[in-house]
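What TrEMBL says about this one:
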DOMAIN    78-269  domain 'ABC transmembrane type-1'
TRANSMEM  20-39  transmembrane segment
TRANSMEM  75-101  transmembrane segment
TRANSMEM  113-135  transmembrane segment
TRANSMEM  147-169  transmembrane segment
TRANSMEM  190-212  transmembrane segment
TRANSMEM  248-267  transmembrane segment
Amino acid sequence: MAKMKKSVTGTSPVWQVCTYAVLLLVVLVAVFPAIWMLSTSIKLPTEQYDIPPQIIPDTPTISNYVNVLTNSKMYLAFINSVIITACVVAVTLFISILAGYGLSRYKFKGHGVLKIALLFGQMIPSVVIIIPLYFLVAKTGLLDTHFSLILADLALTIPMGVIMLSSFFETVPKELEEAAKIDGCTGMGALFRVVLPIAKPGLISVAIYTYIHAWEEFLFALNLSTSTRTRTLPIAIHMFAGEFSVDWGSTMAASAVVAFPVLLIFLSCNKYFVKGMADGAVKG
């Protein structure tokens with residue numbers, strides 16, 4: 001009877017305590033780098049090398065943030081990141097909506113092969129394609145331009161956006177579109193007036209995924225931008241590292257400034273992101 005009761009009520013208290021302890025340890029390991037980043041960003045240079053290290057400094061300061069926010073190169077890098085990210089998100093959403101809808105509604109020869117090819121492309125790491133991509137961009141005269149950085153990001157964000165939205169559109173009943181067409185809607189009208197409002201969580205998921213990728217992209221920006229004219233925020237952080245020393249306070253403050261918009265947007269749209277990822281995976 002006791003064994004039956006244990007199987008019904010769940011695991012033993014000891015097992016639950018161990019489980020929560022392991023989960024807490026995983027959370028601490030994941031969160032500690034962010035805590036250390038914020039801690040170092042408000043430390044004076046003399047406190048950054050204290051032994052033992054302190055999480056909460058004795059004399060907190062915002063001088064590192066002032067140094068970052070008043071730096072003209074950081075301001076220009078911020079503008080570049082905003083331009084590139086906005087363009088990548090807009091183009092990715094536009095193409096992913098049309099292509100994802102087509103893949104979900106029209107079954108044609110090679111339909112499955114195309115979806116597998118899109119998924120296979122996501123398995124290739126960026127470091128593998130950066131060398132041929134660099135020579136291609138250099139040969140076409142697009143090196144050190146916003147256009148080359150936007151194209152490089154789109155090559156990675158569009159396939160994933162198409163996969164996510166096509167899976168999400170398959171969960172939307174076709175009867176809703178047919179009813180709209182009976183009422184006089186065209187195919188595109190049914191898409192934009194009926195399907196997209198229902199697919200709002202999926203659209204937000206793709207937008208957040210694309211935004212995070214474009215905002216924090218490092219490898220393409222490092223190799224395809226050769227001047228401050230197109231340098232983005234992740235690359236601009238490097239300017240606080242000298243040949244023989246690193247300004248850790250300003251580096252961590254700059255990292256916090258770069259991470260803050262991502263954290264803010266993710267927290268404000270978290271429920272849509274989780275719902276979109278879960279719903280899109282139903283038939284993906």
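The backbone N, Cα and C atoms fix where each Cβ goes, and this holds for glycine too.
Bear in mind that TrEMBL entries carry predicted annotations, made automatically and left uncurated.
The transmembrane segment (190-212) makes no contact with the transmembrane segment (20-39), as judged by fewer than three Cβ pairs under 8 Å among residues 6 or more apart in sequence. Remote same-chain partners of the transmembrane segment (147-169), defined as residues 6 or more beyond its termini with a Cβ less than 8 Å from a stretch Cβ, comprise 84, 87-88, 91-93, 95-97, 99-101, 103-105, 115, 118-119, 121-122, 126, 129, 133, 137, 195, 199, 201-203, 205-206, 209-210, 213-214, 217, 220-221, 224-225, 230, 232, 276-277, 279-284.
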